[in-house]
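As annotated by TrEMBL, substrate binding site applies to 13, 14, 45, 46, 78, 79, 193, 194. Under the heading active site, proton donor/acceptor, TrEMBL lists 77, 192.
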Ligand code: DGL
């Protein structure tokens with residue numbers, strides 16, 4: 001069997017953050033084609049009113065599933081999945097969805113100081129889903145939720161090659177660093193798929209070293225477990241498509257997509 005005979009995996013985000021997940025998916029699922037979808041017309045998702053965002057994502061998926069008939073969908077967006085994951089599964093019961101949620105459970109298992117921060121969009125920090133994760137898996141920790149208004153946009157600018165001021169970045173992340181009774185935050189969960197692109201900047205600016213937890217590899221492992229590798233598949237040829245809901249991503253975005261082996265349609 002040729003890999004072009006296999007159904008593709010659809011990867012969805014509001015913007016280019018899902019590329020941090022796609023690169024891990026490619027490592028673990030080398031025989032698969034991917035369709036990358038960015039709802040850039042709706043970006044950023046962080047500030048959306050919940051009902052309106054739910055409706056938007058469900059209606060986008062109605063079209064995407066009908067057009068592309070994927071094997072599996074990876075929702076590479078915390079802001080979307082923590083809100084609409086259950087509704088997507090209910091609306092499309094024949095499709096399998098792998099979600100992205102703040103990595104609070106692994107952070108709670110790994111922290112030694114008991115002080116964990118979750119760096120996310122304003123939408124993700126106010127979700128009931130996020131509060132439930134803390135209650136279920138991190139009740140023994142002190143969890144600081146930091147909802148950043150600007151970081152997703154800044155990450156998009158950064159990855160396109162724009163220069164960001166250190167002060168501006170520090171203003172977005174400084175709330176993550178907590179000191180309490182001689183203990184310090186030792187893990188910051190990157191709970192927005194855009195943020196791992198900036199992990200090197202975060203590391204440089206952090207007032208003390210912490211683990212920056214990126215769930216991308218765990219998401220890829222989950223996807224791999226649902227789509228077992230077949231022994232006799234011939235290797236992949238050609239680029240994968242990237243779809244932007246605006247229909248007109250700029251030149252630097254197209255170039256970035258090319259770097260990820262994606263052709264904008
Ligand atoms: N990449 C998205 C996430 O993981 C959010 C970016 C946005 O605000 O749209 O939450």
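Cβ coordinates come from backbone N, Cα and C, glycine included.
Here the structure is a predicted model, which means the values were calculated and not measured.
Shown on the structure are the features that TrEMBL records.
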residue: 13; record: substrate binding site; CB count, 10 Å: 31
residue: 14; record: substrate binding site; CB count, 10 Å: 31
residue: 45; record: substrate binding site; CB count, 10 Å: 26
residue: 46; record: substrate binding site; CB count, 10 Å: 25
residue: 77; record: active site, proton donor/acceptor; CB count, 10 Å: 31
residue: 78; record: substrate binding site; CB count, 10 Å: 34
residue: 79; record: substrate binding site; CB count, 10 Å: 31
residue: 192; record: active site, proton donor/acceptor; CB count, 10 Å: 30
residue: 193; record: substrate binding site; CB count, 10 Å: 32
residue: 194; record: substrate binding site; CB count, 10 Å: 31
Rounded distance in angstrom between the Cα atoms of residue 77 (active site, proton donor/acceptor) and residue 13 (substrate binding site): 5
Between residue 192 (active site, proton donor/acceptor) and residue 14 (substrate binding site): CA-CA distance (Å): 11
Rounded distance in angstrom between the Cα atoms of residue 45 (substrate binding site) and residue 192 (active site, proton donor/acceptor): 11
Helix, strand or coil at residue 14 (substrate binding site) [DSSP, three-state]: coil
Cα-Cα distance maximum in Å, computed over every pair in 13, 14, 45, 46, 78, 79, 193, 194 that the record assigns to substrate: 12
Residue 192 (active site, proton donor/acceptor) to residue 13 (substrate binding site) - Cα separation in whole Å: 10
